[in-house]
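For reference, the structure discussed in these notes is given below.
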Amino acid sequence: MDTYHFLPSRDLEHASSYTPRPDSPETRHEPDPDRSKTNRRPIKIVSSVLLSTLILSFVIFLLVNPNVQQVVRKKVSKNSNGEDRNKASKSPEMLGPPSRGVSQGVSEKSFRQATAEPSYPWTNDMLSWQRTSFHFQPQENWMNDPNGPLFHMGWYHLFYQYNPDSAIWGNITWGHAISRDLINWLHLPFAMQPDQWYDINGVWTGSATVLPDGKIVMLYTGDTDDLVQVQNLAYPANLSDPLLLDWIKYPDNPVMFPPPGIGSTDFRDPTTAWIGRDGKWRITIGSKVNKTGISLMYKTTDFITYELLDNLLHAVPGTGMWECVDFYPVSVTGSNGLDTSVNGPGVKHVLKSSLDDDRHDYYALGTYDPINDKWTPDNPELDVGIGLRLDYGKYYASKTFYDQDKERRLLWGWIGETDSESADLLKGWASVQSIPRTVVFDKKTGTNILQWPVKEVESLRSRSYEIDDVELKPGSLVPLKISSAAQLDIVASFEVDEEAFKGTYEADASYNCTASEGAAGRGILGPFGILVLADDPLSELTPVYFYIAKGVDGNAKTYFCADQSRSSTASDVDKEVYGSDVPVLHGESLSMRLLVDHSIVESFAQGGRTVITSRVYPTRAIYSAARVFLFNNATGVSVTASVKAWQMASATLKPFPFDQL
């Protein structure tokens, strides 16, 4: 068994304003006051401190009372034998444990209802159809953030936030799965459970750091019995085990407490560490001061004792709480990914934050100063939280890691549900992970990254369909003869009639995807694109489309949008229009790629410059009734479209076959 010699048992140096209760168990290791003073560092940006949010005793009661946690669940997904698990209905009950809310550092789920009775009469067939076939998800229950992804001894490892008891948030445990190819997965036993005072209310989000000698360090946030967010250390019990089945929590956890000036519920989600020129490791942790989102900086040599730096890595006023911060380098000249510690000429750094206030992931490109441990955005107008988003749809708490096996940086993201919690309870599961994406610097624009599905997903492609140079006149609709449209990989390009475009002097210069009428709103130069998950009478449809706006100066701006407003006849689902503008360079065709997997549509424009993830819950356009159409709803321009589509096989997701070892 491997031992971690860099993890000696000793007192911790805590820069903390938090002190455990006097009646805490003897197993707790309280900070040494003298040592604590040594590392107390004032944060220069802090002029005033918000008091911690009041934690209601009623919430605590609900969380710990097992009787209350028994919530009606009527599961309709299939078991491993293909049998329907839904045998009988139960009368609606009041929901037990509430969703993780602002008091615990995370916003409520959208469309939360007071009872388990859905407002729409979902059938078993409808709910069963919603389960994806080639996206990662547990066999049942709730999942959220991806955690600590890494590659070890031939296996990709994914850990994730998981509730083993219900399809709603609670009792957060680290699920664990492995894969050879990032597509087909084997479920393993839980990696870590909430069983210590420092994580009894949840083993929250964390990151893995693979050291130069191959050792693995896992830092994660624990929610203590006092509902205080602290950082903890864990490591594999046996590094020679390719499955990494057993994890040891460091005996002297926590290794970091909320520092002075930081609220006890505003300190979470440590990043992967990177090593500086001084030989010390750095990590950053998201937080806030008033309405300013910040990224705290720490140094360590052994991952046990930490020095809080005077300066912040970065801060952006008005962005609120930063969580799930990610920080990594990208090459501006090469096509490979970079290890997190790489810096120097030809390198830019991506800083990404998940904003708790609006539940979106924002990123910016910039320069990292390793001497002063400061990051500066290339364009302050596109700073973190006010500029570019990783994904303009339902996508949150994303996490990258460096795949040393294939020299690429890979991105995971949590795709939550946008139906009601009561519907989630009926189907017995909630949330999936995105298809992993490669991340590279866009050398053509120099202003953004490119995200693209990993090549391994193409192994699921089967029967193909291709159509070239189809003219779409204004107002036209062309069905594509695809027999099964619930699992598709679609690549399409569009050419706008050049003469008509040049003859248009002004067209919807103030267009905005989210404030528009969606694909039904007709303009001179758009919308045009693809309808997926549509039925023949078009009573349900999900358009993904381009829309070109042109100002009086002749400059055009292209938008990429996904319209959910008519995606379902159900009333208790999200029906927003998502999207944003997408850079289109001179000579480029308009291009999109869509991954359709039942209730998920992941859409990529212009090679991944703009990405949108949609959750849709059709009631009619399901199974054999699902169709695909090309459309052009513009009033003043014809479009020529070419499409290639593949039906996608289902990925394998099953328990690891321990009985075959």
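Here the Cβ of each residue, glycine as well, is placed from N, Cα and C on the backbone.
Quantities reported herein were computed from a predicted structural model and do not represent experimental measurements.
Residues or ranges marked as topological domain 'Cytoplasmic' in Swiss-Prot: 1-44.
Taken from Swiss-Prot, the feature region 'Disordered' applies to 1-40 (among others).
Summarising the annotation, Swiss-Prot assigns transmembrane segment to 45-65 and lists sequence analysis as the type of evidence.
Swiss-Prot lists 66-661 with the feature topological domain 'Lumenal', giving a curator's inference as the kind of evidence. Mean pLDDT of the predicted structure over the topological domain 'Lumenal' (66-661): 92.
According to Swiss-Prot, the feature region 'Disordered' maps to 75-117 (among others).
Positions annotated as substrate binding site by Swiss-Prot, on the basis of similarity to another entry: Trp142, Met143, Asn144, Asp145, Gln161, Trp169, Trp204, Thr205, Arg268, Asp269, Glu323, Asp356. There are 27 other Cβ atoms within 10 Å of the Cβ belonging to Arg268 (substrate binding site).
All protein chains considered, the CB of Asp145 (active site) has 26 other CB atoms within 10 Å. The secondary structure of Asp145 (active site), as reduced to three states from DSSP, is extended strand. The active site annotation in Swiss-Prot covers Asp145 and is backed by sequence analysis.
Sequence-distant neighbours of Cys561 (disulfide bond) (same chain, six or more apart, CB under 8 Å from its CB) are Cys513, Ser516, Gly518, Ala519, Pro527, Pro543, Val544, Tyr545, Phe546, Tyr547, Val577, Tyr578, Gly579, Ile612, listed in sequence order. Feature annotation from Swiss-Prot assigns disulfide bond to Cys513-Cys561.
Neighbour count (other Cβ atoms within 10 Å of the Cβ, all protein chains): 24 for Asn144 (substrate binding site). The distance from the Cα of Glu323 (substrate binding site) to the Cα of Asp145 (active site) comes to 11 Å.
Spanning the listed substrate site, residues Trp142, Met143, Asn144, Asp145, Gln161, Trp169, Trp204, Thr205, Arg268, Asp269, Glu323, Asp356 have a farthest Cα to Cα distance of 20 Å. Taking the Cβ of Gln161 (substrate binding site) as reference, residues of its chain lying under 8 Å away and at least six apart in sequence are, in sequence order, Met143, Asn144, Asp145, Asn147, Ile172, Thr173, Trp174, Gly175, Trp204, Thr205.
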